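First the structure, in the form of structure tokens, and then the observations on it.
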Amino acid sequence: MTSTLQKNRAGAAFPFDNSYAGLPARFFAAQTPTAVAEPWLIKLNEPLAVELGLDVETLRRDGAAIFSGNLVPEGAEPLAMAYAGHQFGGFSPQLGDGRAILLGEVVDRSGRRYDIQLKGAGPTPFSRRGDGRAAIGPVLREYIISEAMFALGIPATRALAAVTTGEPVYREEVLPGAVFTRVAASHIRVGTFQFFAARGDTDGVRALADYVIDRHYPDLKDADNPYLSLYSAVSERQAALIARWLHVGFIHGVMNTDNMTVSGETIDFGPCAFMDNYDPATVFSSIDQHGRYAYANQPGIGQWNLARLGETLLPLIDEEPDGAVDKANAVIRAYGERFQAHWLAGMRGKIGLAGEEDGDLELVQALLSLMQAQGADFTLTFRRLSDLAGDAAAETAFAASFREPEACGPWLAQWRERLSRDPQTAAERATAMCRVNPAFIPRNHRVEQAIEAAVENGDFTLFEALLTVLAKPYEDQPGFAAYMEPPKPSERVLATFCGT
């Protein structure tokens, strides 16, 4: 009787309204999470739970059991999604959720549909000899980065909860196990389309495309060519998203086609990192040995991934193969222009320009070249430039960003000359710049310090402090000024790891 009551209470916490589970059986494998020994709730994202219309009181009480997979709420239809993918350029026809289980979907108070997924919830038919589990480090990393991206205003999956399992996981060393609860607009990837296309399953591609249009792009239902319009819309969202990554120095680290969503959200934060000193060739991921997914390569990789999506949609775009290729190629060519427009618009904002002039690109590129040559910190340089825009006395602090402070003089002269023709007042400009140039990002060394304290000592104090700081990245927080600072040489993170 007790377990039934608990299940009923848990069910009330999630007003599930599942749709993906209604797709044909070949789209997924039904899979119940595997129970764990002693779950403990590390963190519940209560504001997000409220936004999703969840019962926070129930989640506080039963969250450890629910978010570990020990207690499956009523209305859930747990499943592992099928997908394929190009990983570092090589195609794998079957990947799928090897350690993630989709519990179901909820519709928030604004009518938006979201997936609720457990990562590290045990093996699935797609586990490929893996244990289906996650270690606490990658779980905390994803929690931190997800919420930081949200606060920065960058479309990304969200963190609803993190729990420890009371069980070890075995990687290069024995680590505490954990489960992460992810919220996403959906978990449909470029690789999901590839899964069906690789099998010659055009009906599957069509069913998936129809589902994506209905869920993410309903305004395309009545388009003359809805599948071509879908391809164009996904391309537009990815161009805008990747431009936003570059604006904050974000390096995803593993831009495989199975890690690119069709919703336009950033997903899968395993080896991701934020750049310290500006260098377009920056790579952190330990598995990216040739720099395929380096900072500056991300726009081109986005285009490459979208070309793979286009290949899957060709039979739907036009029955005549040559016509389909021509139409898809036009979308791919347009991606480059779209990305450049989004990137330049954002960079204009970062240096305080409200209007547009032909020389703006050269002015931006000159600053970036100077930053690279002078070893300037990406985030701090732009934040100090924001201060300088409103207070000429801040020039000393800005110049200190460069190895040779006097080196910034010629660029500052060009910048000020350009500002003289811009319509904003100094105060307006400084305010606008502070809204796009964060003071706080998830500094890699700070993330690692928080993870290390949790793994080695079970201490989540640094984790909580980091979440507090990163919730307001564009605000001055005098009590946390140290979190703005770049790492000391001894603190630098040189490589990040996927964690799987």
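Quick reminder: no glycine exception, Cβ is built from N, Cα and C everywhere.
From the candidate list Asp17, Asp268, Asp276, the residue Swiss-Prot records in the ATP site shared with Gly96, Gly98, Arg99, Lys119, Asp131, Gly132, Arg182, Arg189 is Asp268. Each of the recorded positions Asp131, Asp258, Asp268 was scored by the other Cβ atoms within 10 Å of its Cβ; the lowest score goes to Asp131. Of all residue pairs in Gly96, Gly98, Arg99, Lys119, Asp131, Gly132, Arg182, Arg189, Asp268, the annotated binders of ATP, the farthest apart have Cα atoms separated by 23 Å. Same-chain residues at least 6 positions away in sequence with a Cβ under 8 Å from that of Asn259 (Mg(2+) binding site) are, in sequence order, Gly85, Arg189, His252, Ile267, Asp268.
Each residue contributes its Cα atom, and for Asp131 (ATP binding site) and Asp258 (active site, proton acceptor) these two points are 20 Å apart. In this view, Arg182 (ATP binding site) is surrounded by 24 other Cβ atoms within 10 Å of its Cβ, with every protein chain counted. Between Arg182 (ATP binding site) and Asp258 (active site, proton acceptor), the C-alpha separation comes to 16 Å. Cα of Arg99 (ATP binding site) to Cα of Asp258 (active site, proton acceptor): a distance of 14 Å.
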